[in-house]
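Here the structure is laid out as structure tokens; the discussion comes afterwards.
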């Protein structure tokens, strides 16, 4: 097939068509910011203690029946036990006073047999308060969160196949509808099991939206707009959704109502069907040139440029096989593509393990949870802005490896910071988060530029699946700290540093056209790190 970028060069690099498509596609990412993080509020555990039934107890014994323990120098009521009710009731009937002749700490304790009572200072209801997911059932909250990542894994594998077969646009909008329906049904969950099952569908549809819209924007936009879209655009609009979520949750403290409202926001995307185009690149790979040309001509009209009489030459189009359908097996057939894919999978997994591992190590911020969520989202904005500027000028390999070294270095160094130097530890954590956020934004565009059009969605889907495995693995890596405090940091830091070296073997894509066919990707050469570094500098004119 001919070079699509050359064939459509007459459209220019910017213009009304590109800017309109840019903003419309980016609005889709706002929904992923909403629906990927609401578990922070929906699964929150308010302050709670054992429910004391309405029995004949004096005020003194009713106040003393909940055991008290010292945590960080402060007295905290037990959340999972109480003094045995029958014993306390007998002592109350005898006229005994706790602390005066009766040492309550020696009394027998029992679990919360009558349930719990929850504070409503922050939340009116959550899945924790509705289904008592505390104490022995506390594990069900992180398990529910993990079902979202499992959904990501499933969606990553399926969406690539569907998008490459049926089109990027169709999968984006079908996934939006599936996400809307899944969140709505989740708000009607009658049990924790149903909530988890629907959360799996939410995750599958959400990652499908993200990957398909990301690939669609990569293929529709010009070279200049492509970099802006895949860095500042997609990630920044995701952050807008992320930053907006806590304020919606602040106004709606009941979890079912919150999910229903978040589900309803997807309705605003229905009109976009008539304004967002299908990918002409994908249509051409399917042999549907008669559908691709009108899209390109409409782009020329809106950009106020003249389109040539023949946009795609017939002799070039005949070189491809329209009926060929590509799958993950096509990635495994070629040794060159197989090696590149394995390195990409390692990169995505390492970045996710490091990012979530660092996040789990960060101390919880005190204060308002809604403001904390907002601040957490805003800390990622500078990284996306800086990455947008750097990706226009810097080679991908050196850039990605540099920020992986920063993130991995923090993981290796933070274990040596004493507890008395909290400010130093916090500064290192923020530096590491900045590095991993930069790596996130870079690896997305880098991977999209490596794979050809016919395999791009499949490749992105496989890499995203590796990322999901990394995010699911991260909590278990942190759990190794119960055996040896240093082990998790050595493991994650070493993996991240190793991935930064592996990254140097990948081909450079700076200032190069997107590959269209498998044959073009097979031309990539896997060089030694020294050669890779040298060629990266040559591409920027520094060598």
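For all residues, glycine too, the Cβ spot is worked out from N, Cα and C.
Feature annotation from TrEMBL assigns transmembrane segment to 17-41 (among others). Residues 11, 123, 126, 144-145, 148, 172, 176, 179, 183, 199, 202, 206, 209-210, 213, 216-217, 220-222, 225, 228-229, 233-246, 248-249, 255, 258-259, 262, 265-266, 269, 272, 275-277, 298-299, 302-303, 369-370, 373, 377 of the same chain, all 6+ positions outside the transmembrane segment (17-41), place their C-beta atoms under 8 angstroms from a C-beta of that stretch.
The annotation domain 'Major facilitator superfamily (MFS) profile' is assigned in TrEMBL to 87-511.
The annotation transmembrane segment is assigned in TrEMBL to 171-188 (among others).
Outside the transmembrane segment (194-216) by six or more residues, the chain places 25, 28-29, 31-32, 35-36, 39, 127, 143-144, 147-152, 154-156, 158-160, 162-163, 168-169, 171-172, 175-176, 178-179, 182-183, 185-186, 230, 234, 276, 278-279, 444, 448, 456-457, 460-461, 464, 468 with a CB less than 8 A from a CB of the stretch. Summarising the annotation, TrEMBL assigns transmembrane segment to 194-216 (among others).
The transmembrane segment annotation in TrEMBL covers 228-249 (among others).
As annotated by TrEMBL, transmembrane segment applies to 255-276 (among others). Counting residues 6+ beyond its ends, the transmembrane segment (255-276) has Cβ neighbours under 8 Å at 20-21, 24-25, 27-28, 31, 34-35, 38, 41-42, 123, 125-127, 130, 169, 172-173, 176-177, 179-181, 183-184, 186-188, 216, 248-249 in the same chain.
Listed by sequence, the residues of this chain that lie at least six past the ends of the transmembrane segment (337-357) yet keep a Cβ under 8 A from its Cβ atoms are 330-331, 400, 404, 407-408, 411, 432-433, 436-437, 439-440, 443, 447, 450, 455, 459, 462-464, 466-471, 473-475, 477-478, 488, 492-493, 495-496, 498-499, 502-503, 505-507, 518, 521-522, 524, 526. Under the heading transmembrane segment, TrEMBL lists 337-357 (among others).
Positions annotated as transmembrane segment by TrEMBL: 369-391 (among others). When Cβ-Cβ distances below 8 Å are used as the criterion, the transmembrane segment (369-391) is approached by residues 33, 37, 40-41, 44, 122, 227-228, 231-232, 235-236, 239, 242-243, 245-247, 249-250, 399, 430, 433-434, 437-438, 441-442, 445 of the same chain, each at least six residues removed from its ends.
If you look up TrEMBL, you'll see 398-418 (among others) marked as transmembrane segment. Cβ atoms under 8 Å from those of the transmembrane segment (398-418) belong to residues 347, 350-351, 354-355, 357-358, 361, 390-391, 424-425, 428-429, 431-432, 434-436, 438-439, 442-443, 446, 485-486, 489-490, 492-497, 499-501, 503-504, 533, 536-537 of the same chain, restricted to positions at least 6 beyond its ends.
Annotation comment: TrEMBL describes 486-506 (among others) as transmembrane segment.
Tertiary neighbourhood of the transmembrane segment (171-188): same-chain residues 28, 31, 35, 155, 159, 162-163, 194-195, 198-199, 201-202, 204-206, 208-209, 212-213, 216, 255-260, 262-264, 266-267, 269, 272-273, 276, selected by CB-CB distance under 8 Å and a gap of 6+ residues from either end. The average pLDDT the prediction assigns to the domain 'Major facilitator superfamily (MFS) profile' (87-511) is 82.
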